[in-house]
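As written in TrEMBL, here are the features:
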BINDING   Cys119, Cys121, Cys129  Zn(2+) binding site
ACT_SITE  Lys194  active site, schiff-base intermediate with substrate
BINDING   Arg204, Arg218  5-aminolevulinate 1 binding site
BINDING   Glu234  Mg(2+) binding site
ACT_SITE  Lys249  active site, schiff-base intermediate with substrate
BINDING   Ser275, Tyr314  5-aminolevulinate 2 binding site
Amino acid sequence: MLIRPRRLRKNHKIRDLVRETTLSKKDLIMPIFVDERIKKGKKEIPSMPNQYRFSVESAIEECRKIADLGIPGVILFGIPKYKDEYGTSAYKKDGVIQRTIRGIKEELGNEILVIADTCLCEYTTHGHCGILKDNKVLNDETIEILSKIALSYAESGVDVVAPSDMMDGRVKAIRETLEENNYHDVCIMSYAVKYASAFYGPFRDAAESSPRYGLKDRKTYQMDPGNWREALREIELDIEEGADMILIKPGLPYLDILRLAKDNFNIPIGSYCVSGEYSMVESAAQRGWINRVDAIMEILLCIKRAGADFIITYWAKEVCEYIK
Ligand code: PBG
(Lines of atoms letter the chains of each structure in order from A; the text may use other names.)
(Lines give C-alpha, C1' and ligand atoms only; values in the text may rest on other atoms or scores of the structure.)
Protein backbone atom coordinates (compact mmCIF):
# COMPACT_ATOMS: atom_id res chain seq x y z
CA MET A 1 0.00 0.00 0.00
CA LEU A 2 1.46 3.37 -1.01
CA ILE A 3 -1.20 5.76 0.08
CA ARG A 4 -2.20 5.69 3.71
CA PRO A 5 -4.34 8.64 4.92
CA ARG A 6 -3.79 7.43 8.48
CA ARG A 7 -0.19 8.71 8.35
CA LEU A 8 -1.57 12.20 8.82
CA ARG A 9 -3.50 11.10 11.90
CA LYS A 10 -0.56 9.44 13.63
CA ASN A 11 -0.29 11.85 16.58
CA HIS A 12 -1.74 15.14 17.74
CA LYS A 13 1.11 17.24 16.34
CA ILE A 14 0.56 16.06 12.82
CA ARG A 15 -3.20 16.30 13.23
CA ASP A 16 -2.77 19.91 14.40
CA LEU A 17 -0.61 20.63 11.39
CA VAL A 18 -3.13 19.46 8.81
CA ARG A 19 -6.38 20.50 10.49
CA GLU A 20 -8.36 22.54 7.97
CA THR A 21 -10.65 24.37 10.38
CA THR A 22 -9.96 25.80 13.80
CA LEU A 23 -12.16 27.52 16.30
CA SER A 24 -11.02 30.79 17.80
CA LYS A 25 -12.39 32.93 20.62
CA LYS A 26 -12.64 35.65 18.00
CA ASP A 27 -15.35 33.65 16.22
CA LEU A 28 -17.75 33.80 19.13
CA ILE A 29 -20.63 35.98 20.23
CA MET A 30 -22.31 35.48 23.61
CA PRO A 31 -26.08 36.02 24.01
CA ILE A 32 -27.20 37.96 27.10
CA PHE A 33 -30.76 38.18 28.44
CA VAL A 34 -31.50 41.35 30.34
CA ASP A 35 -34.66 41.29 32.47
CA GLU A 36 -36.01 44.66 33.53
CA ARG A 37 -37.92 43.05 36.41
CA ILE A 38 -34.75 41.79 38.08
CA LYS A 39 -33.44 44.54 40.33
CA LYS A 40 -30.16 42.96 41.32
CA GLY A 41 -28.10 39.95 40.27
CA LYS A 42 -29.17 37.15 37.97
CA LYS A 43 -31.62 34.24 37.76
CA GLU A 44 -30.94 30.90 36.15
CA ILE A 45 -33.15 29.94 33.18
CA PRO A 46 -34.80 26.61 34.07
CA SER A 47 -34.73 25.15 30.55
CA MET A 48 -31.15 26.36 29.93
CA PRO A 49 -28.87 25.17 32.74
CA ASN A 50 -26.02 27.61 33.45
CA GLN A 51 -27.65 30.42 31.45
CA TYR A 52 -29.09 33.44 33.20
CA ARG A 53 -31.35 36.42 32.97
CA PHE A 54 -29.48 39.43 34.26
CA SER A 55 -30.44 42.72 35.81
CA VAL A 56 -29.12 45.71 33.85
CA GLU A 57 -26.33 46.20 36.35
CA SER A 58 -25.24 42.56 36.39
CA ALA A 59 -25.44 42.33 32.57
CA ILE A 60 -22.87 45.10 32.40
CA GLU A 61 -20.62 43.24 34.86
CA GLU A 62 -21.08 40.08 32.79
CA CYS A 63 -19.92 41.94 29.68
CA ARG A 64 -16.75 42.94 31.49
CA LYS A 65 -16.00 39.24 32.14
CA ILE A 66 -16.80 38.33 28.56
CA ALA A 67 -14.55 41.06 27.17
CA ASP A 68 -11.73 39.96 29.51
CA LEU A 69 -12.01 36.42 28.15
CA GLY A 70 -11.28 37.74 24.66
CA ILE A 71 -14.74 37.28 23.16
CA PRO A 72 -15.37 40.09 20.67
CA GLY A 73 -19.09 40.62 21.14
CA VAL A 74 -22.40 40.10 22.90
CA ILE A 75 -25.93 40.03 21.54
CA LEU A 76 -28.54 41.49 23.86
CA PHE A 77 -32.12 40.35 24.36
CA GLY A 78 -34.48 42.35 26.55
CA ILE A 79 -37.36 41.23 28.71
CA PRO A 80 -39.37 44.36 29.53
CA LYS A 81 -41.39 45.06 32.65
CA TYR A 82 -44.30 46.21 30.56
CA LYS A 83 -45.67 44.67 27.35
CA ASP A 84 -48.44 45.95 25.09
CA GLU A 85 -49.94 45.09 21.72
CA TYR A 86 -47.47 47.26 19.83
CA GLY A 87 -44.26 46.56 21.74
CA THR A 88 -43.76 50.21 22.65
CA SER A 89 -41.30 49.35 25.47
CA ALA A 90 -38.83 48.31 22.79
CA TYR A 91 -38.10 51.89 21.71
CA LYS A 92 -38.26 53.79 24.99
CA LYS A 93 -35.27 55.94 25.75
CA ASP A 94 -34.93 54.33 29.17
CA GLY A 95 -35.91 50.85 27.96
CA VAL A 96 -34.08 47.84 29.33
CA ILE A 97 -31.84 47.38 26.29
CA GLN A 98 -31.20 51.10 25.86
CA ARG A 99 -30.00 51.34 29.47
CA THR A 100 -27.87 48.24 29.08
CA ILE A 101 -26.23 49.48 25.88
CA ARG A 102 -25.40 52.84 27.48
CA GLY A 103 -24.05 51.11 30.58
CA ILE A 104 -21.83 48.72 28.64
CA LYS A 105 -20.47 51.51 26.45
CA GLU A 106 -19.75 53.74 29.45
CA GLU A 107 -17.98 50.90 31.21
CA LEU A 108 -16.22 49.20 28.31
CA GLY A 109 -16.21 51.51 25.29
CA ASN A 110 -14.83 49.63 22.34
CA GLU A 111 -13.58 46.70 24.39
CA ILE A 112 -16.70 44.83 23.36
CA LEU A 113 -18.97 44.88 20.35
CA VAL A 114 -22.57 45.45 21.39
CA ILE A 115 -25.15 43.82 19.15
CA ALA A 116 -28.86 44.28 19.92
CA ASP A 117 -31.43 41.79 18.73
CA THR A 118 -34.09 43.92 17.09
CA CYS A 119 -37.53 42.37 17.31
CA LEU A 120 -40.96 42.78 18.87
CA CYS A 121 -41.77 39.34 20.26
CA GLU A 122 -40.38 39.97 23.75
CA TYR A 123 -42.23 43.28 23.93
CA THR A 124 -45.72 42.37 22.68
CA THR A 125 -48.54 40.88 24.76
CA HIS A 126 -49.38 38.43 21.95
CA GLY A 127 -45.74 37.36 21.58
CA HIS A 128 -45.50 37.85 17.81
CA CYS A 129 -42.57 39.51 16.07
CA GLY A 130 -44.82 42.13 14.52
CA ILE A 131 -48.10 43.97 14.82
CA LEU A 132 -51.01 41.55 15.01
CA LYS A 133 -54.33 42.48 13.43
CA ASP A 134 -57.24 40.19 12.53
CA ASN A 135 -54.98 37.22 13.09
CA LYS A 136 -52.37 38.48 10.68
CA VAL A 137 -48.90 39.80 11.39
CA LEU A 138 -48.77 43.06 9.47
CA ASN A 139 -45.59 43.64 7.51
CA ASP A 140 -45.31 47.30 6.58
CA GLU A 141 -46.59 48.63 9.91
CA THR A 142 -44.09 46.38 11.68
CA ILE A 143 -41.04 47.56 9.77
CA GLU A 144 -41.82 51.14 10.78
CA ILE A 145 -41.68 50.12 14.43
CA LEU A 146 -38.53 48.06 13.87
CA SER A 147 -36.87 51.15 12.39
CA LYS A 148 -37.81 53.12 15.51
CA ILE A 149 -36.31 50.42 17.71
CA ALA A 150 -33.11 50.31 15.66
CA LEU A 151 -32.81 54.10 15.81
CA SER A 152 -33.32 54.08 19.54
CA TYR A 153 -30.57 51.44 19.96
CA ALA A 154 -28.30 53.53 17.74
CA GLU A 155 -28.96 56.60 19.90
CA SER A 156 -27.96 54.54 22.92
CA GLY A 157 -24.62 53.67 21.32
CA VAL A 158 -25.12 50.20 19.86
CA ASP A 159 -22.54 48.90 17.36
CA VAL A 160 -24.78 46.49 15.49
CA VAL A 161 -28.54 46.00 15.20
CA ALA A 162 -29.75 42.49 14.42
CA PRO A 163 -33.31 42.35 13.08
CA SER A 164 -34.72 38.87 13.81
CA ASP A 165 -38.36 39.41 12.88
CA MET A 166 -38.36 38.12 9.25
CA MET A 167 -40.60 40.90 7.93
CA ASP A 168 -40.03 41.80 4.27
CA GLY A 169 -38.11 44.98 3.60
CA ARG A 170 -37.00 45.61 7.16
CA VAL A 171 -33.30 45.83 6.36
CA LYS A 172 -33.94 48.62 3.85
CA ALA A 173 -36.27 50.46 6.22
CA ILE A 174 -33.76 50.25 9.08
CA ARG A 175 -30.80 51.21 6.87
CA GLU A 176 -32.64 54.28 5.56
CA THR A 177 -33.61 55.38 9.04
CA LEU A 178 -30.05 54.98 10.32
CA GLU A 179 -28.60 56.88 7.35
CA GLU A 180 -31.11 59.71 7.66
CA ASN A 181 -30.10 60.12 11.28
CA ASN A 182 -26.38 60.03 10.57
CA TYR A 183 -25.74 56.63 12.11
CA HIS A 184 -23.69 55.65 9.07
CA ASP A 185 -21.47 53.29 10.98
CA VAL A 186 -24.07 51.31 12.87
CA CYS A 187 -24.01 47.88 11.20
CA ILE A 188 -26.95 45.67 10.33
CA MET A 189 -26.52 41.99 11.03
CA SER A 190 -29.72 40.58 9.60
CA TYR A 191 -31.21 37.25 10.44
CA ALA A 192 -31.58 36.76 6.68
CA VAL A 193 -32.41 33.10 6.97
CA LYS A 194 -34.48 32.20 9.97
CA TYR A 195 -36.48 29.02 9.94
CA ALA A 196 -39.73 28.37 11.79
CA SER A 197 -37.92 25.97 14.08
CA ALA A 198 -38.83 23.83 17.07
CA PHE A 199 -35.39 24.60 18.48
CA TYR A 200 -36.30 28.03 19.86
CA GLY A 201 -38.33 26.53 22.72
CA PRO A 202 -35.98 27.24 25.65
CA PHE A 203 -35.30 30.79 24.36
CA ARG A 204 -39.01 31.52 24.41
CA ASP A 205 -39.10 30.37 28.04
CA ALA A 206 -36.17 32.60 28.81
CA ALA A 207 -37.49 35.64 26.98
CA GLU A 208 -41.18 34.93 27.64
CA SER A 209 -41.79 35.42 23.95
CA SER A 210 -43.95 32.48 22.88
CA PRO A 211 -46.91 33.39 20.66
CA ARG A 212 -49.73 33.68 23.18
CA TYR A 213 -52.81 34.44 21.15
CA GLY A 214 -53.80 34.94 17.55
CA LEU A 215 -51.59 32.76 15.37
CA LYS A 216 -50.07 29.98 17.44
CA ASP A 217 -46.81 29.78 15.53
CA ARG A 218 -44.51 31.97 13.40
CA LYS A 219 -44.93 30.10 10.11
CA THR A 220 -46.36 33.10 8.24
CA TYR A 221 -43.05 34.92 8.62
CA GLN A 222 -40.27 32.47 9.51
CA MET A 223 -39.11 30.06 6.80
CA ASP A 224 -40.18 26.52 6.06
CA PRO A 225 -37.42 24.06 7.05
CA GLY A 226 -37.76 22.25 3.72
CA ASN A 227 -36.63 25.21 1.65
CA TRP A 228 -33.10 26.01 0.52
CA ARG A 229 -33.60 28.07 -2.65
CA GLU A 230 -35.73 30.45 -0.65
CA ALA A 231 -32.77 30.90 1.70
CA LEU A 232 -30.64 32.13 -1.20
CA ARG A 233 -33.40 34.53 -2.17
CA GLU A 234 -33.69 35.91 1.35
CA ILE A 235 -29.92 36.47 1.54
CA GLU A 236 -29.86 38.15 -1.86
CA LEU A 237 -32.63 40.53 -0.79
CA ASP A 238 -30.99 41.44 2.52
CA ILE A 239 -27.69 42.18 0.79
CA GLU A 240 -29.46 44.39 -1.75
CA GLU A 241 -31.27 46.17 1.08
CA GLY A 242 -28.03 47.03 2.84
CA ALA A 243 -27.21 44.26 5.33
CA ASP A 244 -23.55 44.25 6.41
CA MET A 245 -23.55 40.69 7.73
CA ILE A 246 -26.11 37.94 7.69
CA LEU A 247 -27.17 35.17 10.05
CA ILE A 248 -28.42 31.70 9.40
CA LYS A 249 -30.50 30.22 12.18
CA PRO A 250 -30.64 27.59 13.74
CA GLY A 251 -27.13 26.13 13.47
CA LEU A 252 -26.65 22.40 13.39
CA PRO A 253 -29.72 21.32 11.38
CA TYR A 254 -28.92 23.91 8.69
CA LEU A 255 -25.26 23.33 7.86
CA ASP A 256 -26.14 22.79 4.21
CA ILE A 257 -27.63 26.28 4.10
CA LEU A 258 -24.47 27.73 5.63
CA ARG A 259 -22.33 26.06 3.00
CA LEU A 260 -24.59 27.28 0.21
CA ALA A 261 -24.52 30.79 1.57
CA LYS A 262 -20.73 30.76 1.84
CA ASP A 263 -20.31 29.49 -1.72
CA ASN A 264 -22.73 32.01 -3.19
CA PHE A 265 -22.28 35.31 -1.38
CA ASN A 266 -19.41 37.57 -0.44
CA ILE A 267 -20.66 38.79 2.89
CA PRO A 268 -19.75 37.79 6.46
CA ILE A 269 -21.99 34.96 7.58
CA GLY A 270 -22.85 34.03 11.13
CA SER A 271 -24.56 30.96 12.47
CA TYR A 272 -26.83 31.06 15.49
CA CYS A 273 -26.54 27.83 17.46
CA VAL A 274 -29.88 28.24 19.21
CA SER A 275 -31.34 27.49 22.63
CA GLY A 276 -32.83 24.11 21.68
CA GLU A 277 -29.46 22.92 20.42
CA TYR A 278 -27.91 24.05 23.69
CA SER A 279 -30.49 22.37 25.91
CA MET A 280 -30.45 19.17 23.87
CA VAL A 281 -26.73 18.73 24.53
CA GLU A 282 -27.02 19.83 28.16
CA SER A 283 -29.83 17.40 28.94
CA ALA A 284 -28.14 14.45 27.23
CA ALA A 285 -24.91 15.26 29.06
CA GLN A 286 -26.70 15.47 32.41
CA ARG A 287 -27.81 11.88 31.89
CA GLY A 288 -24.29 10.83 30.98
CA TRP A 289 -25.31 9.95 27.43
CA ILE A 290 -22.68 12.06 25.67
CA ASN A 291 -19.36 13.63 26.55
CA ARG A 292 -20.47 17.20 27.03
CA VAL A 293 -17.30 19.16 26.25
CA ASP A 294 -16.38 16.99 23.25
CA ALA A 295 -19.88 17.37 21.86
CA ILE A 296 -19.84 21.15 22.28
CA MET A 297 -16.44 21.56 20.64
CA GLU A 298 -17.43 19.27 17.76
CA ILE A 299 -20.67 21.16 17.13
CA LEU A 300 -18.95 24.55 17.03
CA LEU A 301 -16.10 23.32 14.85
CA CYS A 302 -18.52 21.73 12.39
CA ILE A 303 -20.57 24.93 12.18
CA LYS A 304 -17.41 26.78 11.32
CA ARG A 305 -16.33 24.16 8.77
CA ALA A 306 -19.73 24.45 7.09
CA GLY A 307 -19.02 28.10 6.38
CA ALA A 308 -19.71 30.27 9.41
CA ASP A 309 -17.41 33.26 9.87
CA PHE A 310 -18.73 33.62 13.40
CA ILE A 311 -21.06 31.79 15.76
CA ILE A 312 -23.60 33.04 18.26
CA THR A 313 -23.54 30.45 21.02
CA TYR A 314 -24.55 30.10 24.66
CA TRP A 315 -21.32 28.16 25.13
CA ALA A 316 -19.13 31.11 24.05
CA LYS A 317 -17.96 31.97 27.54
CA GLU A 318 -17.26 28.43 28.56
CA VAL A 319 -15.38 27.30 25.46
CA CYS A 320 -12.80 30.04 26.00
CA GLU A 321 -11.44 27.71 28.67
CA TYR A 322 -10.84 25.00 26.09
CA ILE A 323 -9.46 27.12 23.27
CA LYS A 324 -5.78 27.75 23.82
C1 PBG B 1 -36.61 36.84 18.44
C2 PBG B 1 -35.60 35.76 18.52
C3 PBG B 1 -35.78 34.39 18.79
C4 PBG B 1 -34.51 33.84 18.88
C5 PBG B 1 -33.60 34.86 18.63
N6 PBG B 1 -34.31 36.03 18.39
C7 PBG B 1 -37.00 33.62 19.08
C8 PBG B 1 -38.00 33.32 18.05
O9 PBG B 1 -37.87 33.66 16.86
O10 PBG B 1 -39.01 32.75 18.46
C11 PBG B 1 -34.19 32.41 19.22
C12 PBG B 1 -32.83 32.17 19.78
C13 PBG B 1 -32.66 30.84 20.42
O14 PBG B 1 -33.53 29.96 20.39
O15 PBG B 1 -31.60 30.67 21.03
N16 PBG B 1 -37.44 36.84 17.36
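Keep in mind that glycine also has a Cβ here, set from the backbone N, Cα and C atoms.
Nobody curates TrEMBL annotations by hand; they come from automatic prediction.
Close to Arg218 (5-aminolevulinate 1 binding site), meaning Cα to Cα within 10 A, are the following recorded positions out of Cys119, Cys129, Lys249, Ser275, Tyr314: Cys129.
Using the Cβ center of Cys119, Cys121, Cys129 for Zn(2+), the list of other same-chain residues with Cβ within 8 Å runs, in sequence order, Leu120, Glu122, Tyr123, Thr124, His128, Gly130, Ser164, Asp165, Ser209.
Of the listed active-site residues, namely Lys194, Lys249, the sparsest Cβ surroundings within 10 Å are found at Lys249. With a cut-off of 6 Å between Cβ and the nearest atom of ligand 1, the binding-site residues Cys119, Cys121, Cys129, Ser275, Tyr314 reduce to Cys119, Cys121, Cys129, Ser275.
Around the Cβ of Cys121 (Zn(2+) binding site), 25 further Cβ atoms fall within 10 Å across all displayed protein chains. Arg204 (5-aminolevulinate 1 binding site) falls within a helix when secondary structure is assigned with DSSP.
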